[in-house]
Amino acid sequence: MYSLIFTFLCTSPIFLACFFCLLFHVLFTGKNEYDLLVIGGGSGGLACAKEAAQFGRKVAVLDYVEPSPQGTKWGLGGTCVNVGCIPKKLMHQAALLGSALKDAQHYGWNIAQPVHHTWSLMAQAVQNYVKSLNWGHRVQLQDKKVKYFNMKGSFSDPYTIRGLTKAGKETVVTAENIVIATGGRPKYPTHIAGALEYGITSDDLFWLKKSPGKTLVVGASYVSLECAGFLTGIGLDTTVMMRSIPLRGFDQQMASLVTEHMESYGTKFLKRCFPTKVEKLESNRLQVTWKNTDLGTEETDSFDTVMWAVGRAPDTEALNLEAVGVKTNSETGKIVVDASEATSVPHIYAIGDITEGRPELTPTAIAAGKLLAQRLFGQSSELMDYDNVPTTVFTPLEYGCVGLSEEMADLGALQFHLIQLHALSLNVLRKDLYVMYCFQVVCLREREQRILGLHFIGPNAGEVIQGFALGIKCGATYPQLMKTIGIHPTCAEEITKLHITKRSGLDATVTGC
């Protein structure tokens, strides 16, 4: 029967006319399959795709996770969901709960000491939650009729992407507009013997089934300090090795307070040191050799885990960008974009961590992705505003900030005169928790005294800074801040009482309400 139908169709003038019209359209009109193709299923890419779909456009997302050198892999959602913000915050919370249990006895609670933590229970709960988010992202794409390809993509030509599955199956996808949102991956110091063979990164830490045990975290980035902080908080022997300054790019007075508190909290620091080799012992422990630049000595110690947190690199290697003329920064490897997120090829865009000069933050990638979709398909002309973006470092005592640091303001073209104010509260029932909170405000000395930056170290710093970020975005001034009534008793109220300038040399310690 089927052969009869096939014979009829092949001899039908109407069918043949339609078939050849369709073939001519595909081959010669240049019509692409999708209005938008997003390469990368992280926060920014997914936000862009879903926003574009709301305008009734045909959208696809192509995402593939290359396993880490240690074999770790994960699902849809990108770094933030799988190996970044979400699991980090959950493990940070686990550490805070441990600290609260230790503090509880000072408030009258009878809790047997010492308290113990079970890594496997925490890790399983975190991993299960992350997997639920992976599934949620897939459901959202399906609900919004966004096609999802679990494939590694590379450019064949400016409008064509060649997708390759894990099994080696190839699919060719074409689109009128292409957005690159592949993010970055942790760097390995491959010049150090044993670094790649025996070390892990943040791509692996959150997916470990067993406790990392005694851990050396190499690096002074926020990733390094955050991970070292929660590892210490759950009771692990943790050391941070840093070659230079902590939290480069952040206010250095505040960065010093962060590391000082971490030391009092139990994290060890090897300052002005750098590793030279990692060797595996017969006991399966890792022996690390390093140089101390201050003392000019070579030292060694053994650890259960060595974690590299020495920066991130853009994930562009497989994209074949050179073939289509997408320009990258030769030093960083990041894609060069203009204010509209456009690359050097007009219909190819890039957002998120992969772009040059942009903050490596999930919320900025999400906002940039949504605005890009609105400009492409919603007749909007609004550009992403990257000024005064708030952020928080989730160390044991959190550090939140928005706007300029002291160093950035002082190096500005206008050589701003500064008012700097900060407050410290000491010794609240526990003598070892010696910094409860610290504020610093950077603002113009002249005219209206507009606030240029606000920095806070203390509990729930992200929650505190999120509110103040609106005021700074709206151009808040120091006199307006002083007219604001504080909520008592809170840490945040101290910002409404700041009056001691750094240049005065007076003691800014808060001694009463």
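The backbone N, Cα and C atoms fix where each Cβ goes, and this holds for glycine too.
As given in TrEMBL:
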ACT_SITE  HIS488  active site, proton acceptor
BINDING   LYS89, GLY153, ASP353  FAD binding site
BINDING   GLY219, ALA220, SER221, TYR222, VAL223, SER224, LEU225, GLU226, GLY311  NAD(+) binding site
DISULFID  CYS80-CYS85  disulfide bond
DOMAIN    34-369  domain 'FAD/NAD(P)-binding'
DOMAIN    389-497  domain 'Pyridine nucleotide-disulphide oxidoreductase dimerisation'
TRANSMEM  6-28  transmembrane segment
- Task: With an 8 Å cut-off on Cβ-Cβ distance and a minimum sequence separation of at least 6, pull the same-chain contacts of GLY311 (NAD(+) binding site), or say none.
- Result: PRO186, LYS187, GLY219, SER221
- Least buried by Cβ count (within 10 Å) of the recorded positions LYS89, HIS488: HIS488
- For the NAD(+) site given as GLY219, ALA220, SER221, TYR222, VAL223, SER224, LEU225, GLU226, GLY311, which other residues of the same chain have their Cβ within 8 Å of the site's Cβ centre? VAL217, CYS227, LEU247, ALA309
- Which of the recorded positions GLY153, VAL223, LEU225, ASP353, HIS488 has its Cα nearest to the Cα of CYS85 (disulfide bond)? VAL223
- Item | Inter-residue C-alpha distance, GLY153 (FAD binding site) and CYS80 (disulfide bond) (nearest angstrom) | 21
- Candidate nearest LEU225 (NAD(+) binding site) in space, where candidates are the recorded positions LYS89, ASP353, HIS488 and distance is Cα-Cα: LYS89
- Express the distance between the Cα positions of ASP353 (FAD binding site) and CYS80 (disulfide bond) as a whole number of Å. 11
- Query: Between the recorded positions CYS80, CYS85, LEU225, whose Cβ has more other Cβ atoms within 10 Å than any of the rest?
  - Reply: LEU225
- Do any residues at least six apart in sequence from VAL223 (NAD(+) binding site), in the same chain, have a Cβ closer than 8 Å to its Cβ, and if so which, in order? PRO186, SER202, ALA309
